[in-house]
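The structure appears below as structure tokens.
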Amino acid sequence: MSSDAAILPRRGLLVILSSPSGAGKSTLSRRLLADDAQVSFSVSATTRRPRAGEVDGREYHFRSVEDFRAMIDAGGLLEWAEVFGNYYGTPRAPVEAAIDAGRDVLFDVDWQGGQQIRNSPLKDAAISIFILPPSIADLESRLRGRGQDSEEVIAGRMSRSRDEISHWAEYDYVLVNDDLDRCEAELRAILRAERLRRERQPALMGRVQRLNAEFERRTRG
Ligand SMILES: Nc1nc2c(ncn2[C@@H]2O[C@H](COP(=O)(O)OP(=O)(O)O)[C@@H](O)[C@H]2O)c(=O)[nH]1
Ligand SMILES: Nc1ncnc2c1ncn2[C@@H]1O[C@H](COP(=O)(O)OP(=O)(O)O)[C@@H](O)[C@H]1O
């Protein structure tokens, strides 16, 4: 890290990932988080029940409806929505702390959450990525293959998928998750490029000033 970067940390990005259920958001997020130390995951609060293997505070903060409503009333959520008959929402404080410290934050949220983050005061730091499944048949077999949901729940998720996909054009980027490795590589490429945007490199101004000073010295000398 250059001395400029140490003095002027960049502000972190808000990386919004949405897709129909089963298209691969969680899998892609896990892969990215496993080895990109600049990214952290926004752990949402939800009123849905934990699935086998899910840990409170890791995948979600599992809360009662009363506790969730109290968070809304206290202004503690950056966004929230009702999905599949349960509430889901993003705790505000950890997101603000992370991006102020120059860390990117990954959000696994539905289209309603994506819209609210894009309309929030943090919108300038937000990029959004929509993940499409290769086919509806693949989507269904992935949901079944995950082995977490009853047939009734799978049918509910499938019927909501069409609605979720109808929002694809609101996103900055759209990826098709057919080959997982390729899709992961594309996701990393988006992040690398977005971090390099001029307005996201606060140290650039000082660097250009030094280049200009060098020109001056050469002209004089
Ligand atoms: N708006 C919003 N949606 C969320 C949040 N957390 C999760 N979701 C969305 O809620 C939906 C259901 O999530 P989940 O029950 O984990 O099912 P899965 O996506 O099939 O694993 C998905 O579309 C998630 O992206 C949140 O904090 N806010
Ligand atoms: N490219 C892919 N090819 C085949 N299976 C995949 C691919 N991406 C994800 N999966 C599998 O599909 C299932 C659903 O993925 P998941 O990440 O849980 O989706 P989401 O978080 O979008 O609901 C999981 O069992 C996962 O291992």
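Cβ atoms are placed via backbone N, Cα and C, with glycine included.
TrEMBL entries are annotated by machine, without manual review.
Here TrEMBL flags Ser19, Pro20, Ser21, Gly22, Ala23, Gly24, Lys25, Ser26 as ATP binding site. What TrEMBL lists as domain 'Guanylate kinase-like' is 12-192.
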For the ATP site built from Ser19, Pro20, Ser21, Gly22, Ala23, Gly24, Lys25, Ser26, further residues of that chain with CB within 8 A of the site's CB center: Ile131, Pro133, Leu139, Arg142, Asn177
Listed binding-site residues adjacent to ligand 1, that is, members of Ser19, Pro20, Ser21, Ala23, Gly24 whose C-beta is under 6 A away: Ser21
Pro20 (ATP binding site), number of other Cβ atoms within 10 Å: 25
Same-chain residues at least 6 apart in sequence whose Cβ lies under 8 Å from Ser21 (ATP binding site): Leu143, Arg157, Arg160, Ser161, Glu164
Nonlocal neighbours by CB distance (under 8 Å) for Gly24 (ATP binding site), same chain, sequence gap 6 or more: Ile131, Pro133, Arg142, Asn177, Leu180, Cys183
